Structures are given as structure tokens and as C-alpha cells.
Amino acid sequence: PKTMTVEPDIVASTKPDIVAVSKERPGSLKVPPPRPPPPVAPPRRQKKKSANETPENEDEPKGLLTPTSEAIESLTKELERSLDMKGATSGSTLVKIQTSFKPAEEASAAVGEKESPALPRLRSASGRPLTDEEILEQVMIKNLDTGELVPLSQAEDKLPKCMNPLSLHIIRRTKEYVSNNSLNKDDSDTESVEGQADRGKTMHQAEEKLKKGTKQLKKLFGKAVEKSVSKIKEIKDEVFAGEDSSSSDDETDTRTIKIKSSSSNKGPYEFDQLRLVQDLSGEHTGAVWTMKFSCCGRLLATAGQDNILRVWVLKGAHVYFDEMRHKYAMEARASPSPSQESSPAHSQTGSGTPSEEPVEHEGPFRQIPFCSYRGHTADVLDLSWSKNYFILSSSMDKTVRLWHISRRECLCCFQHIDFVTAIAFHPRDDRYFLSGSLDGKLRLWNIPDKKVALWNELDGDIKLITAANFCENGRFAVVGTYDGRCIFFDTEHLKYFTQIHVRSTRGKNSKGRKITGIEQLPGEHKILVTSNDSRVRLYDLRDLSLSCKYKGGTNTSSQIKASLSHNGKFIVCGSEDHYIYIWKTYYDYSKFTSVRRDRNDFWEAFR
């Protein structure tokens with residue numbers, strides 16, 4: 001590895017060549033080849049079977065090196081270990097992928113040349129500066145629904161408002177977009193437009209018949225029938241209330257929750273008594289792109305467009321974490337007083353604290369952030385908590401920053417070549433974390449050693465990592481891509497294992513769409529995958545089969561991703577139609593005779 005000059009930004013490549021994938025077992029390579037061609041995906045069952053076999057060269061050292069430079073057999077086999085403050089703050093606070101930034105810029109430019117052949121001109125032939133509209137007219141974007149090429153200025157009018165800047169950047173890089181008027185139609189398992197029109201005609205005809213019948217009955221029976229008819233209308237409105245998603249909500253109060261359900265979901269309902277408990281608006285400026293609860297559930301981290309990471313604490317846990325912060329501060333021989341960002345006297349909210357006191361007593365969270373961290377220079381895209389309250393934040397400024405709730409400053413900054421779209425602490429050893437970037441590289445970082453321990457690169461024409469996470473208790477690292485693939489790497493050597501193509505069998509969604517989220521189902525060998533075809537899918541990792549597909553929400557261009565309840569019984573996901581959708585992970589199909597068990601459109605939603 002010392003003589004390798006092909007990949008100057010990383011220590012060494014562990015990506016096998018085609019022959020190694022097809023003939024040799026994992027761990028049998030003595031010297032990793034420099035930048036080999038992309039591996040061919042092996043048969044799923046055979047590859048999974050071979051991964052459980054014992055390697056031929058048992059005496060060969062493998063795995064990572066611990067911070068004490070002792071050889072370990074595997075990350076996934078060693079005892080659970082934790083990151084401490086000494087390991088987080090040791091060494092340099094700024095970790096660069098390479099010693100010089102010049103090659104990194106050249107590498108980034110090379111990636112841009114491959115994926116964006118022609119950059120828009122900023123001046124005319126005569127040297128006149130072009131207007132914004134003229135520049136946007138030069139960038140042609142392909143509509144994936146119709147195949148039509150339109151200027152970027154026209155495409156932006158058809159996209160959802162307040163769109164994630166990462167999604168806009170990916171649209172510019174790939175020159176592809178999905179129009180907002182094709183939200184949930186034309187899929188193999190969705191209701192057709194003609195069917196919706198027929199249902200509308202049927203409802204209209206029923207109303208006309210009801211009016212005619214009312215006039216005839218009025219002549220015969222008088223006012224007694226009018227009361228009965230009014231009751232029938234009320235029942236009819238209640239039945240179709242869940243199906244009418246196009247009704248206007250502008251007249252409702254902002255504190256009012258509108259609840260609806262799918263036409264196939266006849267109850268009993270789990271979330272029909274929802275009420276608004278607390279609103280933490282006022283601190284963040286602009287959109288909030290990511291939110292994560294700590295492992296204990298008592299802290300909530302939020303970040304987004306204003307580049308600031310904020311941590312909120314439950315009222316009942318504030319004393320505990322405040323004492324923890326003072327303890328760490330005393331150990332570091334620093335001032336034990338809380339930071340200005342978390343002090344009520346230095347609150348950044350525009351209104352005074354007395355006006356917020358009534359709200360303070362209603363919700364579970366303190367209305368003032370426990371911590372506020374500044375350091376990023378662009379939108380924050382993803383967050384990750386460790387089990388001992390370290391926080392990782394990734395941003396469009398091409399960095400990952402490490403924080404701790406007891407410190408007000410950034411503990412370490414890990415630089416990348418491109419936007420960092422996804423990060424995740426290793427679930428068993430949080431001295432390591434995973435980062436996925438738009439440069440197509442998956443990196444496993446060693447925090448105490450302040451370096452990249454392992455890395456691998458995606459194959460394909462468009463190497464864009466849009467989601468990443470660990471599964472099977474850290475045994476595998478999963479990467480979601482722009483073209484709808486979930487690629488699995490074994491964490492021991494970060495070598496390619498297998499992949500899943502997340503797509504429908506037919507229809508317009510037969511072409512894979514961007515993966516926006518990957519979550520592990522608690523206590524089971526299953527993962528939940530969110531994609532930009534407005535679907536959430538549950539896959540069984542034992543045979544890589546599709547267990548269930550959840551539909552109802554709208555997610556065509558955003559970075560929306562579904563989450564699981566703490567016990568895994570419910571799935572919740574945002575939507576571009578401003579609703580929050582909830583499904584039962586395992587719906588009771590016993591009362592149905594002819595319903596597909598691998599499809600779930602029995603949702604409840606609130607706004």
C-alpha cells in the first residue's frame with residue numbers, strides 16, 4: 001500500500017477484482033489491487049452461502065487495526081467498545097483525506113467531467129454577463145416520465161417547493177427529474193387515473209339519484225324524510241372523508257390536525273385521537289432537513305438549512321444531562337457554566353422567555369435548545385448518535401464534524417471530496433463510523449486514529465451514494481444509490497457482498513429510483529428501504545426477498561425517509577403532500593380473502 005499512487009486520498013483499496021469475486025473467498029486476498037474494474041454481482045444465494053464458510057488462509061492477518069495498533073480479527077467479532085473523549089480529541093482536529101488539496105480538487109473535477117460534460121456559460125460570445133434565466137436555459141434536464149428534454153428553468157416550476165438542496169444538486173448532476181404531476185399513478189400496484197375518474201362519476205351519479213329521490217319523497221312524507229336524508233348525507237361524507245385528499249386545508253387553523261385514512265382501511269384506527277403537544281419552531285431558520293433521537297430517546301438533534309446543529313432535551317432529563325455537562329467541563333478544567341447557546345438568558349429566539357413559559361409547561365421538551373453547535377458552512381444533511389452521546393453531522397460543505405453534548409466546540413472535522421449524504425456510527429464499536437459521499441466512495445473512518453481505515457467505490461455510470469447504514473448488528477454496511485440499488489458490503493474488509501435492485505416488476509417504476517433511507521427493523525433480519533418512487537419496502541435479509549411494499553405517501557424528488565417505532569410495530573414517513581403517513585408493519589389480513597399479503601395500503605395520515 002505504501003507504493004500505491006493511484007488513490008492518493010485513501011490508505012488502500014480493498015475492492016476485489018472480477019476473478020477474486022467469482023473464485024476466491026472473502027479474506028483470501030493478500031494484496032489489494034489498485035482500482036480494479038467493478039465486480040460482477042454473484043448469484044445471491046451462492047454468495048451468501050460462501051460468506052459463512054471458513055476462509056482458506058486462516059493464518060493470514062485480516063481486519064482493521066485497533067487504536068492501540070493490535071491486530072484484531074474482525075470489527076464484527078470483537079467485544080463492544082466505545083469512543084471516549086480522549087480518543088475523540090487526540091491528534092489533529094482537522095482530518096484531511098490527503099495531505100494536499102490540489103489532487104482532491106482535480107479528482108473532484110474529474111468526477112464532474114464524467115457526469116457533467118458541459119458546464120453552462122456565464123458570459124456571451126461578446127463578453128456580456130448572462131442573466132440567471134439565460135444560464136438556466138442552457139442546462140437541459142430529462143423528464144423521466146415522458147423522456148422530454150426541457151430547460152432547467154422550466155423543470156424547477158414542476159418540482160415541489162422547499163426542496164432539499166441535495167436533491168436539486170443531484171438533478172443538476174444527473175440531468176434527470178420527475179415531474180410533480182405524476183405522483184402516484186402509473187405503477188403496477190397503484191390505482192389508475194381512469195379508475196379514479198370512474199369512482200368520481202359514480203359518486204356524482206349517486207348524489208344525483210339521492211337528490212331526485214329526496215324530491216319525490218318530500219311530496220309523499222314531508223319534513224320527516226328531510227331529517228333522514230340529512231343523516232344519510234352525513235354518513236356518506238364520513239365514509240368518503242378518507243378518500244378525499246384534494247379538499248382545501250387553507251381554512252383550518254394551524255393548530256388543528258387533519259386526519260385521514262385510506263379507502264381500504266376500515267379500522268379500527270390507531271391514531272384517530274392525535275393532538276398537537278408541542279411546537280419547537282422559532283429557533284431554526286429555514287427548513288429542517290434531518291432529525292435524530294439519541295439511543296436513550298431523551299435527546300433530539302435537529303439541523304438543516306441554517307447550518308446549525310441543535311440538541312433538545314426532555315424536561316425530566318435536563319438535570320441529568322446538565323450535571324453530565326458540568327462533570328465533563330470540570331474534568332477538562334474548563335468553566336462549568338453552560339454554553340451561551342443553551343442558557344435562557346442568551347436564547348437566540350426573538351421573543352422573550354416569559355411569553356414562552358405557558359408553552360414550556362405543555363410539551364415534553366424544553367423550549368430552549370440544550371446545545372447549539374456552529375461550524376458547518378452549508379446545509380446539514382444527516383446526523384448520527386453514538387451510545388455515549390457523541391454526535392456526527394454531515395453537510396454539503398463536504399465535511400463530517402464530531403460533537404459531544406458536554407463540549408461547545410467541534411471535536412474533529414473529517415474532510416471529503418464531495419457532499420457527504422449519509423453517516424452512521426458502528427453499532428458495536430462507535431470508534432468507527434461510516435460515511436457515504438456523492439463521489440461514489442464508501443469510507444469507514446477510525447476516529448481515534450483520525451484516518452480512513454477501509455474504503456470501497458461503487459461501480460456504474462452514476463456513482464452517487466444517497467443513503468448508507470449498518471445492518472445485522474454491524475456485520476454489513478448497506479449503501480443506497482441514485483439508480484435504486486441497495487449494495488451490501490461486509491464490514492470486516494468492506495468488500496462487496498451482494499445487492500438488491502429496489503424497483504417494481506413493471507410500469508414506470510421498473511427503473512430504479514433514488515434510495516433516500518435505509519433502516520434496520522429492530523430484532524429482525526429485515527431492512528426498511530425508502531425510495532423516490534413513493535414507496536417504502538421491507539426486505540428480508542435471509543433470502544433478499546421483498547416482504548412487503550407500503551404505499552400511500554408521495555416522495556418523488558425529496559430526501560424523505562421512513563422511520564420505525566421503537567418496537568418496530570409501526571412505520572412512519574413524511575410526504576410531499578404535507579401529510580405524515582403511518583402503516584402497521586404487519587397488518588392483520590385475516591379478515592380479507594383476496595388481498596395480497598406483500599402489499600400494504602392500509603395507512604393512516606395526519607396533517
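From the backbone N, Cα and C atoms, a Cβ is placed for every residue, glycine too.
In TrEMBL, annotation is done automatically, which means it is predicted and not curated.
Feature annotation from TrEMBL assigns region 'Disordered' to 1-68 (among others).
The compositional bias 'Pro residues' annotation in TrEMBL covers 31-42.
If you look up TrEMBL, you'll see 101-130 (among others) marked as region 'Disordered'.
If you look up TrEMBL, you'll see 181-209 (among others) marked as region 'Disordered'.
For 196-209, the entry in TrEMBL reads compositional bias 'Basic and acidic residues'.
Taken from TrEMBL, the feature region 'Disordered' applies to 240-265 (among others).
Taken from TrEMBL, the feature repeat 'WD' covers 281-312 (among others). Same-chain neighbours of the repeat 'WD' (281-312): 162, 164-166, 320-321, 348-351, 365-366, 369-374, 376-387, 389, 391, 393, 395, 403, 405, 559, 566, counting only residues six or more beyond its ends whose CB sits under 8 Å from a CB of the stretch.
Sequence annotations record features per position, and here TrEMBL assigns region 'Disordered' to 331-362 (among others).
What TrEMBL lists as compositional bias 'Low complexity' is 332-347.
Taken from TrEMBL, the feature repeat 'WD' covers 373-406 (among others). Residues 82-85, 88, 165-166, 169, 289-295, 299, 301, 303-305, 307-311, 321, 324-325, 327-329, 341, 412-425, 430, 433, 435, 437, 445, 447, 559 of the same chain lie 6 or more positions beyond the ends of the repeat 'WD' (373-406) yet place their CB under 8 Å from a CB of it.
Look at TrEMBL and you will find 413-447 (among others) tagged as repeat 'WD'. Through the fold, the repeat 'WD' (413-447) approaches residues 9-10, 64, 67, 75-76, 78, 80-83, 87-88, 93-97, 104, 107-108, 111, 166, 169-170, 173, 375, 381-388, 390, 392-396, 398-402, 453-458, 463-470, 473-474, 477, 479-480, 489, 491, 494 of its own chain, all at least 6 residues removed from its boundaries and within a Cβ separation under 8 Å.
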For the repeat 'WD' (413-447), mean pLDDT (0 to 100): 94
